[in-house]
Structures are given as C-alpha cells and as structure tokens.
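K.L.:
Okay, these came from Swiss-Prot:
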type	residues	note
COMPBIAS	1-15	compositional bias 'Basic and acidic residues'
COMPBIAS	19-34	compositional bias 'Polar residues'
COMPBIAS	168-186	compositional bias 'Polar residues'
COMPBIAS	1126-1138	compositional bias 'Polar residues'
COMPBIAS	1159-1169	compositional bias 'Polar residues'
DOMAIN	894-963	domain 'R3H'
REGION	1-52	region 'Disordered'
REGION	65-195	region 'Disordered'
REGION	1100-1188	region 'Disordered'
ZN_FING	223-279	zinc finger
ZN_FING	335-353	zinc finger
ZN_FING	390-409	zinc finger
ZN_FING	454-473	zinc finger
ZN_FING	513-532	zinc finger
ZN_FING	572-607	zinc finger
ZN_FING	611-630	zinc finger
ZN_FING	668-686	zinc finger
ZN_FING	721-751	zinc finger
ZN_FING	760-781	zinc finger
Amino acid sequence: MSFQVRRDRSDDRSHRFNHQQTWIPRNSSTSSVVVNEPLLPPNTDRNSETLDAGSASRPVYLQRQHNASGPPSYNHHQRSSNIGPPPPNQHRRYNAPDNQHQRSDNIGPPQPNQHRRYNAPDNQHQRSDNSGPPQPYRHRRNNAPENQHQRSDNIGPPPPNRQRRNNASGTLPDNRQRVASRTRPVNQGKRVAKEENVVLTDPNLPQLVQELQEKLVKSSIECMICYDKVGRSANIWSCSSCYSIFHINCIKRWARAPTSVDLLAEKNQGDNWRCPGCQSVQLTSSKEISYRCFCGKRRDPPSDPYLTPHSCGEPCGKPLEKEFAPAETTEEDLCPHVCVLQCHPGPCPPCKAFAPPRSCPCGKKMVTTRCSERRSDLVCGQRCDKLLSCGRHQCERTCHVGPCDPCQVLVNATCFCKKKVETVICGDMNVKGELKAEDGVYSCSFNCGKPLGCGNHFCSEVCHPGPCGDCDLLPSRVKTCYCGNTRLEEQIRQSCLDPIPSCSNVCRKLLPCRLHTCNEMCHAGDCPPCLVQVNQKCRCGSTSRAVECYITTSSEAEKFVCAKPCGRKKNCGRHRCSERCCPLLNGKKNDLSGDWDPHVCQIPCQKKLRCGQHSCESLCHSGHCPPCLEMIFTDLTCACGRTSIPPPLSCGTPVPSCQLPCPIPQPCGHSDTHGCHFGDCPPCSTPVEKKCVGGHVVLRNIPCGLKDIRCTKICGKTRRCGMHACARTCHPEPCDSFNESEAGMRVTCRQKCGAPRTDCRHTCAALCHPSAPCPDLRCEFSVTITCSCGRITATVPCDAGGRSANGSNVYCAAYDEASVLQKLPAPLQPVESSGNRIPLGQRKLSCDDECAKLERKRVLQDAFDITPPNLEALHFSENSAMTEIISDLYRRDPKWVLAVEERCKFLVLGKARGSTSALKVHIFCPMQKDKRDTVRLIAERWKLGVSNAGWEPKRFTVVHVTAKSKPPTRIIGARGGAISIGGPHPPFYDSLVDMDPGLVVSFLDLPREANISALVLRFGGECELVWLNDKNALAVFHDHARAATAMRRLEHGSVYHGAVVVQSGGQSPSLNNVWGKLPGSSAWDVDKGNPWRRAVIQESDDSWGAEDSPIGGSSTDAQASALRSAKSNSPIVTSVNRWSVLEPKKASTSTLEPIAQIEESSSSKTTGKQPVEGSGEEVVDDWEKVCE
C-alpha cells in the first residue's frame, strides 16, 4: 500500500527544482512510497546511453487506486532510467487505468503534443519509437484540469505549459482532496496487500538480486561463518565475487585467521585473505574491512524500513564492465556505462544501452548493437572480397570474423630452373603478388644446372630463385692453395680452367670430429677420415672401447651398445625397463635422441574402469585410470522397469533409485514390505508366531522370513542310545550323526553313562554303553572322610565296587591304594575282619591328642555354659598378621567390620545395576589409616581391586571387581563361615562407611577416542580423578552442586551406583535389592514399556544366574551347595525314570510331566498369558531374550 505526500506547487519554476517526487522501492512484497527529494539542476547531463542502460532493469512498482464506485485497482508504472531525480515535467498523476501510459524513448526536447492525461481509457497511449515527428494524441478529460501533464522520458528543458500554480488558499484542488481523503493508513494498506498475496517481481532484474533482496527483507540469510541470521540492523560485509553476505565481526575474525591466507598471493601481493564462500583472494587487511552499502559509496548506511536493508538508496554507479575483462580487450571494447539501479545486493544487470556504430568485419556496412553485445560477431551477410595473402585473388566467403583462409586457386607454375611445370595451389607458393612469365614460383629439388658467369662451369646448387652467382674457381676468388697455408701469386692462374697448385706442407685442416687436424700433405678435395684412436663409451656409460675417432662422430657410424640390462622402473612405477644399454640407466636424459624414451611403458593398461564393463585403453600409467568415455544410448531402468533415465548416459552411470514397492509377490503370501531392488528379495519381515527348531517354545513377533530360530533351552530329546537326553542347546535335528548302515541300532552317544552304582550312591562314570552292562570297577569319585570328632579331614576315592568277573573277593583297583594311604593326615581306624571288604570312602580316621584337648574344652564349656566369640571364621588364610589386624578391629568395632564385609560380598555376588557397564565399584568414605588398611585387607580376601585417592584427612578407598574376584573360604560373621546361595540383604547407605553417591560421577566404558581433558581443565581443583583401568574412571567432588554441573556438562558421564541403596523417605528396605531391582520381579515388570523386551515365562535362579533368589530363603547353605553341585554335575534326563524310557507308555506319560509342571508354575507368574492348548511348548513374546 502506498501513501502520498502531497504538497502545493508554486508558480515559480525555480521553486519546482527544490523538491520533486521520486519513487524509492521498498521491497518485493510492499508497495512504493512517494517521498520528497531535492531535484538536480536543469542542466544536468543525461545522455542517451545512460538512459538506455537502465531501461531493462527498472523495478516494477505497484500503486493502489481507489475509486468511489468499486474495489481498488492496481496501476503499474515503469521507473525512469535517468540517473538522479527526474525533471520537473515528469510528474505522475494517480488513479490512472492499467496500461495507460507507455514509455517514450525519444531523445531530445519533448514535443508539445506528447503531454499525457490521466484518467484516460486503457491502451490509449502507446510507446512511440518513431524517429519522425510524433502524431498528435486524442486528449480526454475526466474531471481533471486542462493542464495536467503526463510523465515523459524526454531529456531537455521543460516546456512552459508544464507549470502548475498553487491555489490561492494554499490548499489542494477538490479532486485531489477527495483522493487524499480516501487514502488508507499505512498499516491498513500493508494488511490488505498481505491478504491479497501480491507478488512484485521484475523480470529484468537478475534472479540472484531478487532473491537476495527478498531474503534480506525477511532476515533469512545465514552467515556462513556463525550460521546465524543476518538482521536488518546488523553490520555486514558482501563479497564482490560471489555476493555472499557475512557479519562484519565474523569476516574480520576470519580475515585474521592464519588459515584464510592464500600462500601464493601472499608471496606476490602481500597481505590477503580468501572469501569463505568462493575462495576469491581479497587484497585487504582485516583492519581495512568496514561496513558499507552494496555500492560502496556510503559508510555505515542507516537502516531505512522503506529501502532494501543495508542499501544507501542512491544509484549503484558500478561500472557494468568488470575490470577483469579478457586480456585482449581494449579500452574501446569496454562498456563506458554504469549501473543505474538503486544500491542493491548481487550482480548488476547487463548493459542495455546502444553502443557506437561499428563496421562489420568486411567493412562494407555499419552495425549498431546493444552495449552488452558489442563483442558479438557483427556480420553483414555480404561477400567478403578482401585481398587474400597471395596478393592475387579475393576472399569469396561471406562476411566473417578473423583472417581469411589461404588461397585455394589452382595455377600452372614452373620451377626456378625451368625444368618442371606443375599445377599448385596459389596459397602454397612463397612468391606473393603479381607473377611474371619468366619467373619460377617453386623449387623442384634438383640441381640447378644453369651455366655460371664464367661459361665453363654449371651451377651445382639445388633449384633456387634468383641468379646463380659467380664461379668458385675464378682466380679472383681462389687466393691460396688447397690447405690455405700458402698464398698464390696473381700471374700463376689466368682463368677458372687453370689448376690450383698445391704446396708441400701438411694440410692441418680441422677434421669433422672438431678435435683433430688432417695430417696429409696439401691435397684437393675433402680430408680423409680421422684415424686417431679414442676411448668410446656406450650409451649407458658403463662400458668403453678404443676405436677410430671418425667412428664416434660420423652420423652413420656404428652405435656402441653394451649388453647390460637397465632394470630401473618405468614411468608407470610397476614394470621395469629391460632395454640393454639404456641411456637412462644413470638418469641422464640429455643422452636421448629424438622422441624415443625407453622408460615410457608401452604395455597396455587393461585395468577395469570404474564402470566395470570396459578396460583402460591407455598405456600403463601411474595413478587412477581416466573415466570411461563410452556412452549408453538406451534407457537405464530400475529392476521393476517403472523408473528410468533417458539416454545418452555415460558408461558406469548407476541405475536410478526407485522408490516404488517391489512387484514380486512374497512366497509366504504377505504384502510387500521392501522397495524395488535387483537380485533375490530379502526375507519377509512381517512379525508372526514361530516355533524354535527344537520345538521348545513358540516365539511371537518373529520376522516371517527368519529361518533356523533357536532358543537357549537344552534340547532334551532322547538320543540314539535310548538312555540319555541331548545336552546341546536348541538345534535342528538330528541330535546324532550316523551312517545308513547303523539305522535302527542303538549306538553310544559318547556321554557319561550316569546309571546309579549298586555298591555306592555315585553313578557310572564310563561312556555310554547301551548294549552292555556297566563295568564293575572301583568307584573313583572323591569323598571326604573325617575322624570321630570331625576335626581331621581327608579326601580319598570312594573305592566301592570292583569285584572280579568270577565273583571272587579279588578287587580290581584303578589306582595305587598304598600311595593314597601314605598321604593321609592320620591312620585309619581299624575294622573288624569279617571277610567283607570295606571301601576306603566309608572308613574313618583316628583322632589324635589335639582332638582329645578340644573334646575336653568342649566338655568344660558345656559345663560352665560359656559361648566364645566366633573367631574361627577369621582364620581363613596363612597370613597371621592380616588375621590379627582384622580380629583386633572386629573385637573393638564388629558392626563396622561386618558392614565392610557385606559391601565386598555384594560387589562379588550381586548383579550390576543402573548402568550397562559390567564393572562394579564402591567408594568408602574418608577414614583413618588403620581403617583404610582394614578395608584393603578385607577386599583382598575377596580378590577385589583396591586403590586409595585424595589427601589427608580426606583420603578415601575405592574397591572394584576384577576378573579374579571370588568369594573367600569363609565370611566374617557368618555361622560356620559358609557362603549362602540365597540373595543377600541389600545394605543401606551409611555415612560412616560409604561415600555420598551425589558427590561421584562415573566414566565407565570410555571409547578409545574419548578425551576427558575438559574435566581436568574445568574441575581440576574441585575433584579427585581415580582411574580404575584404561577405560573406567571416577570423579569424586567435594560439593554436590559442582558434581551436578559436571554431570550435565561433561560427555560420557553417568550416575554412580555403588554397593549400597540410598533409602528414600517411607520406602520399605525390602523393595529393592542391592542393584536396584525388585526381588522376585519378572522381566515383564521391568521392561513392560518395551513390547520387544517382554517375557511371559520366568524361571527362578540363584544369585549366580539370571534372576535373584528371594531374600531370606529358607534353604540352608548345605542345600544350596548341593543344588549348585547337582546343576553342574547331574546328567540331563527326559523322563522321571530314565531307566524306563524304552517302554513306550511310560516314556510318553513321563515325558510330559516336567513340561506340565512348567506350565502350571508359569501360569501363576504370567499376567493373563495362557499357553497354547494341546501342545507342550512354552509361549514367549521376547524372542531376543530367549535367543540370548
């Protein structure tokens, strides 16, 4: 929406030059504004070239017209191309219909009949391009004064009838008052223009200029350095090459950076820096960078909301011909005009002015073109007719640029010696200009043969132009003998036919070798060859020989070549030179003759090009092969053929990427879930229910195309022996590999037999023997025997069984019984001789004196009712000093010692919590040295890693689990010193024992490229950094706030989880175990948020397995130990009575009993999940959990 600044006009003509209404474009999305600007003097020079230079680059302005009888209309006016304000006669009236006025390109004073009236009908006035006098217009009045003038582009003084007098009262005319009263406010106009979505663009402006102006108005341009938006009021710098816009502070920092310097330009031109956008070299220093408008005329331009941001509003004035024009361009070829647009970003438009008339290349016609087209080929289309270089014929081509072609006219010409006549091309002859009949024009390459001036001899030169010259044997030219050492007297020779006398001296002429002289007597003719013996080297310089000198210098002489091969690598770097006596053996390229280079590999490359179809046809070379130059002239389609690229295409062009679904139907019948592709279709990914290969469980959400699904359960199928179950994890059938000849036979499975022995409670240790009874051998299972009081113990073989085959009392022993008896700590108690042999495992040891003393002490304790402290549990090693330190502190502070022992127990036996790292660590609070030593001793019993950190008095101890960590033989404070299998009670945080978890930040499983130097630099004096190993570290702070800050700011930091649980307000201690998991809770409760991590059926396990046992279990330590021993040593069965598996009825019934028990127990744990009816499989949702 535009608003008008109206004022009264004075009758005085000089007053009209003080102010004038000019148009200033705001942006592409808003309307124009009429403001007052001072006018140029009347004599301002405006030439026609400047006028036309900006005619094609005018912005189009939109003005809203208000009519009383209808909605507002729009009126498009074109901007004047004059530089500066227009003359006073170029005032415009508003409320004119569309396309009413067209521009006039007449140059000169305006004609009287060229006044334009407003409120005229559409297309009334058209642009006049006539060179003669203009035709009179038909004036139409529409409630307008008689002397209302239209805009004219004529240059010159205004006519006198173009004056407007002000009203006497100083007010506007009635019609103008009505227009002004109907003018809308600015904000309302903007809102209406926005609602109507009016887009104002000028096709004559470069697209980059329009885009930059629009982005600057919307503040959507990003600085390439800081990636921040460039605002209207920000100081900027614009590159003159790529027109990128940067913040002034950002570009100054870039210019000061060492990486922005162009090293080549720095050597030649001094200080410089490169533009971040186009890398063009800027030959200014960072201190000289300043904020200027786009045309560079005004420094620190003010922010005007009606102008393009960062524009000064003045004419651009940049030369339309860049100073980096081609080198061959002369000053006359450069454009003399400047840009007349308002100060703008981006490139200036091409010049639209007319250049001075120029002649065509042939010079017959003068051509007038635009200034921007002055370097184009200006041909007139007529025949050239220029004289060719031969000087005899004219050019017959059409008017052309550049030199004329050589003359191709055929002429009959004779040679210089007049022996031969040929038809030659005129342009190939050396003789230029007119030809005379007696002159030859070319050489026939034969001897001339013309008689010389003496008349006695003939010319021996090759056919040549001009006279032949004088005879060389004339007395006037021969002054000496043949060798030149003796001068001849004039009276000796009278004519050229007289012989030349020779002297008696040695010739001494320099031979062709240029090293020796002729030793013959003065003679006629050429000197004989040089016979001096010289040393000649071969081409490679490794061998030499003695030969006559003329052999080394004669052009036809034999080349001396040795037999030594070169062996150096050729230019390809792959093959070696096999040339014998190679001149490049010693790296001397000067010895090469002609273009021959023996180290240029002549083997074809023949490598496969990147296209994969063609081979490299170049010679063997180093580096990458050039791209394939073959072309494809057929459509390049995808696999389904629905997406293609039309030819021509370069060989090796990848197939188009097709986003359509694959048309091949899935064999399973599900819908396609993958895109177009080459080759076989991927497996179907639709989730379905599937059984594992062993038939143990039904897995849900399994991809349909996934094959060979295995769970983690034991196979349990009966093997071919009929006695044992397969102990492998879930696998496809069969469990045993066998030959066809063994079909139907019971074959050993190579497992231990496991049948109960008849002589003892142990099982048969022999390999499976389905077709034979168990061998009657002595039992070799290790058992423990004791004395009567139980103090002395020893481990011996069971020794039961082992009768001979004939039933006699002769036993077969598989070991040396005497050596076992010698190692016993005490002798065996005697037995009665009843004739039956008592196995060694069923006998007892004899008590000694120490046993008697302990028995007496026990009797006294029972008599006096004395209960001594359980210090026996501390005697767990041979280190008496360590035992005394712990025992002493245990007597003084048993609660503290038990607390430390409990935390070590949780580190070794508990499960990690709160982190994906397998490392378990605990930090004790700062304490005195004697307690730190006790912590170290207790941790060493559990084989834990121990380290101390910090300074006194805040030095603390850190313990963590290692690969060697394991429970000790006895635990301090436990009854009998045994380790319970049940889950331990989680200890709670104690400020007298444990470090506050809020002060610790963990850095666990650090990647190799991780760098925590930021922690050292920022929090170096506020924390202690403790390295547990090369990938795990802890940071212990002194303040909670700084620890929380480090947790937020530092990478790879995580929450510290020790061996204690911080008790929250009102929460029962039994809700969490030591690692933060509910005892007895299933994976369904923990991972109920993720449907892929659910398991319907859970199996209880001890603390060493996948699940924690309930705290406070009723099973004793002995029962738990026996249970763990049974899990590791007992054979796997498939029925309740494994010895009756061969009976069909019993086997089928008993086999389903354990599975039924599993289903019954699982039904009480699941949340509404029911097993599949009529099958013995378990149904689970988490197939990943099962396959782990």
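Cβ atoms are placed via backbone N, Cα and C, with glycine included.
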K.L.:
Any residues 6+ beyond the ends of the zinc finger (454-473) with a Cβ under 8 Å from its own?
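P.N.:
Those are 415-417, 419, 431, 439-440, 443-448, 495-497, 500, in sequence order.
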K.L.:
Where DSSP helix means H, G or I and strand means E or B, what are the helix, strand and coil counts for the zinc finger (390-409)?
P.N.:
0 helix, 2 strand, 18 coil
K.L.:
Could you pull out which residues elsewhere in the chain have a CB under 8 Å from any CB of the zinc finger (611-630), counting only those six or more residues past its ends?
P.N.:
570-575, 600-605, 650-652
K.L.:
How does the zinc finger (454-473) divide up by DSSP, counting helix, then strand, then coil residues?
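P.N.:
Split by secondary structure, the zinc finger (454-473) comes out as 0 helix, 2 strand, 18 coil.
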